[in-house]
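Notes follow once the structure below has been shown.
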Amino acid sequence: MFDMIEEAIYELMQGKVIIVCDDEDRENEGDFVALAEKATPEVINFMIKYGRGLVCVPITEELADKLDLAPMVNHNTDSHGTAFTVSIDYKSTTTGISAYERSMTIQALLDPNAKASDFKRPGHVFPLVAKKGGVLRRAGHTEAAVDLARLCGAKPAGVICEIIKEDGTMARVSDLRKIADEFDLKMITIKDLIEYRRRKEKLVKREVEVMLPTEFGKFKAIGYTNIVDGKEHVALVKGEIIPDEPTLVRVHSECLTGDVFGSCRCDCGPQLHAALRQIEEEGRGVLLYMRQEGRGIGLINKLRAYKLQEQGYDTVEANERLGFPADLRDYGIGAQILKDLGVTKMRLLTNNPRKITGLKGHGLEVVERVPLQMPANKENEKYLRTKYEKLGHMLHF
């Protein structure tokens, strides 16, 4: 159904148009995408004729600032936060609406000597400002176009146009596939672009390393920053990591209520302590503490989920009532930290099959699952049973 990201990059570099689809639970739409620097009048005309949507130009924050392209509105109420700037035409255009003149405006935007006074406002070209971090921060067509331009080694700007069917309704994936086949276009997804970037780019920075004596033993604490979202994570390392030998590893998601306050609603605190004890006894291992509170939904939303649980919902139902998946955690950043530490093979302390799959998917080998089941109590028994029944956690009752 979909093509490889590498194939799409090659086509874009040749000046061709591709189709980029987003997720079904987002806009569930496809856009024509091209490099801005290769947006000839023919490319623009193709998008207008067969896309039928609004032709926009995703650019960086730096370019928007340089050309004084202010936001179209002061208060953006769009559900997806699409960052339109004021629309523009190049100063030497006439009406600015033809494919030729829109192409002229786009090329003028990319001129390194361009200045704010070169453009009339409003106009017929609609710049969109991509978030820093690209699709890793916002999974939109705006960010995808700029990311793809960068991956092509081109100027970081694109041209996009929503694809609408002849009857005026939005083209969905099956329709988009037919269009791609008709015009021999590559078709990719933003989801695949996200995974491609996570595989190819280093997204963590090692910041500091100190010795940390604890009640469980002495560990080396190594702090990391996610360079995309700024979140800070820490690895507690015991002994020497030998890449070719399996390392005992626990990837533990932050749980303030359980880890710090000793909440009985979950088993997080006891799991954290048990993992540290086992690593200390082993004499070599890693506990990776990830800032993914509440299975990724954050502290306040976790407390909201607790409120719903008090009304009879289980932990999965509560997340879904709040509009979140049952488990929003991502293991790509954790995998990059483990690789930075020299871990390639691991004995993973977990009951969660998704964690095993997630880490394997980022090139790490899980040679053994080491169970980490804690005794249930009257406060968390339903929670644990729900994880067993609905999330597939490997638990025994």
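Including glycine, each Cβ sits where the backbone N, Cα and C put it.
Database features (Swiss-Prot):
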- D327: active site, proton acceptor (ACT_SITE)
- R329: active site, nucleophile (ACT_SITE)
- R26, E27, D31, R138, A139, G140, H141, T142, E162: D-ribulose 5-phosphate binding site (BINDING)
- E27: Mg(2+) 1 binding site (BINDING)
- E27, H141: Mg(2+) 2 binding site (BINDING)
- R250, V251, H252, S253, E254, Q271, E293, G294, R295, T315, T350, K355: GTP binding site (BINDING)
- C255, C266, C268: Zn(2+) binding site (BINDING)
- 1-199: region 'DHBP synthase' (REGION)
- 200-397: region 'GTP cyclohydrolase II' (REGION)
- H124: site 'Essential for DHBP synthase activity' (SITE)
- E162: site 'Essential for DHBP synthase activity' (SITE)
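A map of Swiss-Prot features onto the structure.
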| residue | record | Cβ contacts under 8 Å, 6 or more apart |
| --- | --- | --- |
| D31 | D-ribulose 5-phosphate binding site | I19, V20, G51, G53, H141, A145, I160, C161, E162, I163 |
| C255 | Zn(2+) binding site | S263, C266, C268, G269, L272, E293, G294 |
| R295 | GTP binding site | S253, K302, N319, A326, D327, L328, R329 |
| T350 | GTP binding site | R250, V251, I356, R369, V370, L372 |
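On the 0 to 100 pLDDT scale, the model's mean across the region 'DHBP synthase' (1-199) is 95. Neighbouring residues of the recorded Zn(2+) site, listed in sequence order and excluding C255, C266, C268, comprise T257, G258, D259, S263, R265, D267, G269, Q271, L272 (Cβ within 8 Å of the Cβ centroid).
According to its DSSP assignment, H141 (D-ribulose 5-phosphate binding site) is helical.
Following the DSSP three-state reduction, the secondary structure of D31 (D-ribulose 5-phosphate binding site) is strand. The Cβ neighbour count for E254 (GTP binding site), using a 10 Å radius and every protein chain shown, is 20. With respect to their backbone Cα atoms, E254 (GTP binding site) and H124 (site 'Essential for DHBP synthase activity') stand 48 Å from each other. Between the alpha carbons (Cα) of H252 (GTP binding site) and H124 (site 'Essential for DHBP synthase activity') lies a span of roughly 51 Å. Proximity of H124 (site 'Essential for DHBP synthase activity') to non-local residues of its own chain (separation of 6 or more, Cβ distance below 8 Å) is seen for S87, D89, T95, G96, I97, E101, R102, T105, given in sequence order.
Counted over every protein chain shown, other Cβ atoms within 10 Å are most numerous around H141 among the recorded positions H141, R250, H252, R329.
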